[in-house]
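Remarks on the structure that follows.
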């Protein structure tokens, strides 16, 4: 390969790209199958069966004449999900990105292109060489012109399982070699909790192993699912789920354990258990917990010994609770006025919890709202007052609803994976001169709107960098980020937006350069089974050959790195199977040291799976060692204790996050002060997809209402607006407007509508501010503000709106097919 340096390389890459564009219309022969061969590593079977896995579980694929025809759940899966039908359909969906595409305006004018027309579908098909040259040239241009602060590599999303084809890590690996980038901190799922919990209990907590389900079945007398719906959300996993939560849930049911669900919506978990159902107004959880805590103090019921021996700062919280500091005692009656839950119910629950072995299992939606840090902090405070933390079946848990939390752990080794190659930046001199190298991930729009502006985050103050390029893989920010219209406008600040995906998501449609990635089922990989259990290691074998011109993310980034003169550093001389073998061999070495024998790699790959035994994981009790001896087993907090009052947070001096759990009015809430709109939207996790994944598949036909995302509405609210079941409605507020299809049901409380998050944004006119979203992306309506200066998490659950029957012209949905130019 000819060696270029500096501006010569950049100029050569641009020359190749634009030369290819000039001949592409008359050179269709360049788009032949030869391009597929570059992405192939081990051939897929033409006919037969092959085991693989996904976010939805382990399965066996049937292949006939090179086409996958069926996905059959693993025989050891205790609760297979019907979403596997959509997983199969995703391979052949009409949303597939077939070829490398470049937005015509960008291809012709580069950084001088009109950015307001992003998303209009006007793309040009290009060759892989042209596309890769253009990507490499843009990365090099931005790095050389603006430095690493000009590149946002904090690409966020659920991607796909696999330790090699971890596209977000691969992106950062390439960008590190290219010169550095701005990263994102945290996530959208637990943005507030994962920042506040280390101050309170010394760990992230939201991703920690929970007291094992068998321990709960044996010891728990009252199981409380607070804003958690594990029957629904346990279908999926960050890695490959073993669905181990379901036997635990079934054991609780068989035992006759009393189950209470606190949620504005009648959830799948309520229905499964026939549970007692408490329906608070959304965003009022902290007030209810304070009312319970006040009852425990007023009736002299709380566990004073636990508070004295295992917590710090209760004496500073108590005056607030009792109203001595603000003349407002946080009584059950006070909490009832805010939450709508009867005061006597709040008192009865407090008495029940203290009298029985109680597990408070909280979900994450309660912290995805304004002042979301307070919810889990107050939950831990309430659990501390109950005094059962560290006892079998008691205390609190923050991940019983997520990826099989509580499923007994095995003694198997950890599986390593590809790394990002090191630090994200060139060094501290850049940080001092150009702002933060890491921003809170949900503040990406603030960053684009306010380059150079200061922002607070968890005790630090930094400046937003001036980002000119964003590179996104494995995610869908044009669905998962809040306040879509504001976001679309902010995205115009970017000179270049590059996306890899296998489907035409709303994010891909808004890109300048779109590269077709393979699905997980068109490449080889390796992954853990069970986020918490570590049940085994699965060979994720290629099921079918890559469709159209799709290539794996690894091959794409390796090719970009090669064009930047960093190919050897990126690949380290390994191909796909070489990396996979190295990860497995490392795990086998760990296993041998720990007394776990594993087969040689070739035998493992032939078998497809290795399983590990459960030893003592079924008896695990979270915080048991801390309870046994807090001096020998302290928490990772400054005091080593549960910090009900945090001196570190006090020193930060934030006006929106006091030093102890506090009720704080959100930006807007149902029946709250100055509420402009009458309905709260519960933007819940969907039942039939993973966030936005699988929305572009056949599964949508089973839940869409007249083609639109469903909107669950209470009969009284529907009748008051002249709305009937099945009507298409316009849901709107000051931030935007969307169409949805109504399902009238008493599963939602009056004053609340439920629209699942993850619906694909389908704007009527991308150039029109505030345009109507035709399908039903709820984040068009949600507020894009930080939870507080502490965590800066997202507030996707802080949203009020109004609903009216849609009487406008008929709309044609265009979001679930490829743009015409890309067909």
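Backbone N, Cα and C define each Cβ position, glycine as well.
Copied from Swiss-Prot, the annotated features are:
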BINDING   156-160, 189, 232-233, 262-263, 283-285, 364-365, 368, 476, 480, 500-501, 523, 553, 685-686, 691-693, 779, 796-797  Mo-bis(molybdopterin guanine dinucleotide) binding site
SIGNAL    1-42  signal peptide
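Features recorded in Swiss-Prot, as mapped to the structure shown.
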| residue | record | DSSP class |
| --- | --- | --- |
| 156 | Mo-bis(molybdopterin guanine dinucleotide) binding site | coil |
| 262 | Mo-bis(molybdopterin guanine dinucleotide) binding site | strand |
| 285 | Mo-bis(molybdopterin guanine dinucleotide) binding site | helix |
| 476 | Mo-bis(molybdopterin guanine dinucleotide) binding site | coil |
| 523 | Mo-bis(molybdopterin guanine dinucleotide) binding site | coil |
| 691 | Mo-bis(molybdopterin guanine dinucleotide) binding site | coil |
| 796 | Mo-bis(molybdopterin guanine dinucleotide) binding site | coil |
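Listed binding-site residues: 523, 691; maximum Cβ neighbour count within 10 Å falls on 523. Around the Cβ of residue 160 (Mo-bis(molybdopterin guanine dinucleotide) binding site), the same chain contributes 54, 55, 167, 474, 519, 520, each under 8 angstroms and 6 or more positions distant in sequence. Sequence-distant contacts (6 or more apart, same chain, Cβ under 8 Å) of residue 156 (Mo-bis(molybdopterin guanine dinucleotide) binding site) comprise 168, 184, 187, 188, 441, 475, 477, 480. Long-range Cβ contacts of residue 796 (Mo-bis(molybdopterin guanine dinucleotide) binding site) within its own chain (separation 6+, distance under 8 Å): 188, 368, 369, 482, 683, 757, 779, 782. For residue 262 (Mo-bis(molybdopterin guanine dinucleotide) binding site), applying a Cβ distance below 8 Å and a minimum sequence separation of six or more within one chain yields 224, 225, 226, 227, 278, 280, 285, 288. Packing around residue 285 (Mo-bis(molybdopterin guanine dinucleotide) binding site) is summarised by its Cβ count: 27 other Cβ atoms lie within 10 angstroms of its Cβ, all protein chains included. The C-beta environment of residue 476 (Mo-bis(molybdopterin guanine dinucleotide) binding site), restricted to residues of the same chain at least 6 apart in sequence and closer than 8 Å, consists of 157, 505, 506, 507, 691, 692.
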